[in-house]
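Take a look at the structure below.
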């Protein structure tokens, strides 16, 4: 069955190469040299940040297990990471809007480097601190960098459509190519050089330090709402008002939470789905294959976003439907193919079909990221961009914590079915978003925020 893995990887690689090489003028947007320089600078930083993140991912569980912790203990460490992201994410997002997005990006680097350093200790409490720091860093990674990019892009007067170029390239490189290279590099450090499971975390810290140096030397600061008279509670209230007063923002937040919740659940489920009887599967190679599929999706997104039709609100309905169908495959195969009772061996016939379905889902993930970034740049008010984006992550982190806590309580088919239902609901919400896309806002965020502040008798 090893040939099967190489065939899938090779076919995906050829399709991605063909898509990139076949782009014509319709698939490209003419830009200025100033924008190209700005875009490349951001892509270098974003790729370094993602390298620091991807290097750690495959070895977190493995490192904890080598320290002798049980599955339950490791589960609690993971819950601590998502829980801290939920509890502190909105706070750090608000601070980013008020104190500066560049400063928040530097804070991400420092926080994640400290988290990497804690991996050298086998003490459970130290590792728990590292998970909390990692959760805070994750909130900063998925809000501050995008907020800085959108604000700086607009401040420099670049055309709005050019944002889609940066978004799609960031996903193509940061979530695709860099992930593949990071996986192979981590494998080289741990297995080929025998440096141990903590080596990828040290390498990640080095990449984060380099990225921080680039940020400090080449980025300018920008803010959301730097007013001195607005404390965190007022900012939270203003962000909540923005979400409640604009249906498009609320829909976007629900769509993001449903898709990302399903995506993170898939991260925990794909390994047992492909090896239910402890089949020997090449985890690193399959991970690289998934990332290649994600690159395929981001390459398709680049083409779609460069054109005026179809609109992002339109084609994302199809993306969510396809992703929902792809996660139904484990349920279908379980009903059609009798489960094998033979332990070990290579991947099963059912596993092969599921792997293909999972590659389709990862392609949808590659389409999702630049597309959701584009919609966020259109709908989320600049004054509280980081705050609102981290508000969106609260239900996501609650959902993932619940799944992690009950991961053994439900059959795997039920979990996949739940994810498929969530993705179908996301498609329905996306349709609603498309229908009201041209509807003007009922209220502007700023007047609502100020009115809410002035009318509140508690805010003196």
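Cβ coordinates are placed from backbone N, Cα and C, and glycine is handled just like the others.
Per TrEMBL, transmembrane segment is recorded for 6-22, 43-62, 74-96, 170-189, 201-219, 285-306, 318-338, 344-369, 390-407, 413-429.
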**Message:** Below 8 angstroms Cβ to Cβ, which residues of this chain, lying six or more residues outside the transmembrane segment (74-96), approach it?
**Reply:** 60-61, 64-65, 103-104, 107, 127-128, 131-136, 138-140, 143-144, 147, 224, 232, 235-236, 239, 384, 386-391, 393-394, 397-398, 400-401, 404-405, 407
**Prompt:** Quick one: do the transmembrane segment (43-62) and the transmembrane segment (170-189) reach 3+ CB pairs under 8 Å, ignoring pairs fewer than 6 apart in sequence?
**Reply:** yes
**Asked** Sequence-remote contacts (6 or more beyond its ends) of the transmembrane segment (201-219), Cβ cut-off under 8 Å?
**Response** 41, 44-45, 48-49, 51-53, 55-56, 59, 63, 102, 105-106, 109-110, 112-113, 116-117, 119, 148, 152, 185-186, 189
**Asked** Which residues, given as numbers and ranges, are at least 6 beyond the ends of the transmembrane segment (318-338) yet have a Cβ under 8 Å from it?
**Response** 255, 259, 262, 266, 273, 349-350, 353-354, 357-358, 360-361, 364-365, 367-368, 371, 412-413, 416-417, 419-421, 423-424, 426-427, 430
